[in-house]
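Take a look at the structure below.
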């Protein structure tokens, strides 16, 4: 800002007017009465270190400068401007923060891709080992009960990981009581244990039992494809029970899933083992969907420790209360086996271990990575089982079954679209259109500049048509 010295002479009374200071931007004030007005300006080039600009602070306080704080004079603002000017350090910190964010995102994506392969492999292995076990031991409920008992190990595995990854050390009993708050503030009681665990444990057992029964009637590829329909059933139940948002694209996906089910049942005619197998697989998908909706309704805000606690609790419930069912089936000759030494323990332990790994990966992967990748891992089990059936078991797939499988998988992918997918797509297309228009405008500008330069060189003026 430029400062000038002006003397007004009017009358006999002199008046002193303060000019705005160089760095405080104070407005000048003139008196309505006449008189000679002398101007005093700060002629010192710079304040000393001990001066602290007391005069300037007093002027700011007297004149009521807007936003004035004691001691906030021009030298403070100059220092602030100098510190503000030194922005390369802050820019470097912002760049490093963005770099760390990108690195974390990349690691999360890579971990998610690895999780996809593990989920898909464990589910394919589980399904194929079940088919191998049925060759020597055809007792699906006993296999389901034996495998579900292994869920007891989930909480000890979680506690081991918690001890390794955290500095806060808690005893197993303390951690168990902390995670028991899932059942209420008072922890887990016998009444709450039965009330909360029984419905989920029954649905869990039915899902596994119907899935194994379907594997006795159909190929692993058909059963895994039909099981993927549980995603559509989850949407329909959530829309009806939980009042989730209605989405037209997911209704289309549900229709596609139902179409695939009908085509799968029609592949060999609506009779025989094929139709029964399709009904069993759809029943398994339905009970799985009901289990997930109820879990979301009652335990939706549970953390990883509480989920591990709940799954281990279901394992205990299965061991204590459902153990009577295999015994009833044994004595009624529905599922009869010989001596315990004759059972294929190798296949059964391998099956239970793979099932346990799959359950852990599904529940842990949702926390560590993106949930959509876990769903994609489940979907990839369909082509994985198809490859094993085609190469090892030499299964010949009919055109109708292939079409039904493709329709179900496509509907599953549509279910994975986010709720705001339409607005995100429109914004993406608008961004592409704006970028193309900007590029086109730059091309027109470059062409007009080139045309004008050539016209000037020739001594003529040409106006290009846009």
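Backbone N, Cα and C atoms are what each Cβ position is placed from, and that goes for glycine too.
Residue ranges 274-295, 340-361, 428-449 are listed, and TrEMBL annotates 274-295 among them as transmembrane segment.
Contacts between the transmembrane segment (307-331) and the transmembrane segment (193-212): present, as 3 or more C-beta pairs lie under 8 angstroms, all at sequence separation of six or more. Taking Cβ pairs closer than 8 Å, the transmembrane segment (137-159) reaches residues 130, 172, 175-176, 179, 201, 204-205, 208-209, 212-213, 216, 304-305, 308-309, 311-312, 314-316, 318-319, 322-323, 325-326, 329-330, 335-337, 343-344, 347-348, 351-353, 355-356, 359-360 in its own chain, all 6 or more past its ends.
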